[in-house]
Amino acid sequence: MSDEQIDKLVSRLDGALNRLGNVKKDHPLESSSNSKPTHQPKSPAPYRQKIEKLSAEVVDSNPYSRLMALQRMGIVNEYERIREKTVAVVGVGGVGSVVAEMLTRCGIGKLILFDYDKVEIANMNRLFYQPNQAGLSKVEAARDTLIHVNPDVQIEVHNFNITTMDNFDTFVNRIRKGSLTDGKIDLVLSCVDNFEARMAVNMACNEENQIWMESGVSENAVSGHIQYIEPGKTACFACVPPLVVASGIDERTLKRDGVCAASLPTTMAVVAGFLVMNTLKYLLNFGEVSQYVGYNALSDFFPRDSIKPNPYCDDSHCLQRQKEYEEKVANQPVDLEVEVPEEETVVHEDNEWGIELVNESEPSAEQSSSLNAGTGLKFAYEPIKRDAQTELSPAQAATHDFMKSIKDKLVEEAQNKGK
């Protein structure tokens, strides 16, 4: 073989290798089923520069103008405090991914995401991921998307299962030192889909005395709930455990091949919305933080409730937190002085017609004690009281006697016919 032929063969081989490399780059999922990606794609460059200080200026280029309007309208005091907060989201699936997106759009300071699953095409009916992210870890794909949504948010991701011993210790450490100031974080949001992970979050938060919120959606996708959990003050997840947890059943044995839980993006969004709204109220101290909110999509029923801690809870840290909370309440000073606000007298400058407002909720002394007209009504006349001491006028007495005589006569005739 001549040198010229060898050069042509090498050239053709190089071209084939280059074409093969381009195909792998364009279609990374078309590799063998046993191969695993050795690296994650880099995060996309943010579309704008970071904003150092929030502004209430109403311009199209200000992504925070609508949020700062809450402060201008008196709903929230100092909305910019949200940039100081750190929230951990455990589970970035149907609820967790939407929660992370909402908090990112709200301008949260830092998000810490925990999940060990990968994005699948089957997830596209309910998650905010895109089909081209299939095969990537959920936390990495979420970070790439969220950074593009709001580059001001600091996002930390952990691609592991928190229920293993080593990973659980890391999870506890991030609760303890994961904030923007390397201190304790502000809140943990549980958005997982299994009881084992919920128990792990519950154990960690009881151990660290960390306030957290739990959420879930039913397997039939038409109901869900959120729950605010403050160790010692409210019931933890182990205080009122589900039947599967209380019975000690391995929930993995309950799953059947070929059978999956139903999933609706509407239910996921409703539960995520409730969870984020409760989170904002807690972090920014406005409104009322709900302890428990349920959701039934079939009847649009939203029950609210509060659950007290169980004094016989199996979690030793929960019992310790209950004791600490009881001591805290007992040591609080009792304020016996109750200030009664003075009623302000409304003064009208002009009252041309002499109109006066009266309280009609209680009957006046002039009204009958036996009859009550009700709120907003009054008698047209006062009913005459009839008793033994009532004196009748001559006309009334004559009428009374006449009616009595007729009655007596009818009775007498009836008796005669009976004989």
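Cβ coordinates are placed from backbone N, Cα and C, and glycine is handled just like the others.
Given the structure is predicted, the values throughout are model-derived calculations rather than measurements.
The region 'Disordered' feature in Swiss-Prot is assigned to 18-47. The compositional bias 'Polar residues' annotation in Swiss-Prot covers 30-41. As annotated by Swiss-Prot, ATP binding site applies to G94, D115, K138, N161, N194. The feature active site, glycyl thioester intermediate is assigned by Swiss-Prot to C260, with similarity to another entry given as support.
Pairwise Cα distances among G94, D115, K138, N161, N194, which the record gives as the binders of ATP, peak at 17 Å. The local packing around N194 (ATP binding site), expressed as other Cβ atoms within 10 Å of its Cβ over all shown chains, amounts to 15. In sequence order, Y116, N167, A197 are the residues near N161 (ATP binding site), counting only same-chain partners six or more apart with C-beta under 8 A. Residue environment of G94 (ATP binding site) contains 26 other Cβ atoms, counted within 10 Å of its Cβ in all protein chains.
Annotation note: N194 (ATP binding site) sits in a coil segment as assigned by DSSP. Remark: D115 (ATP binding site) has V90, G91, V92, G93, G96, S137, K138, V139, N159 as non-local neighbours, by Cβ distance under 8 Å and separation of at least 6 in sequence.
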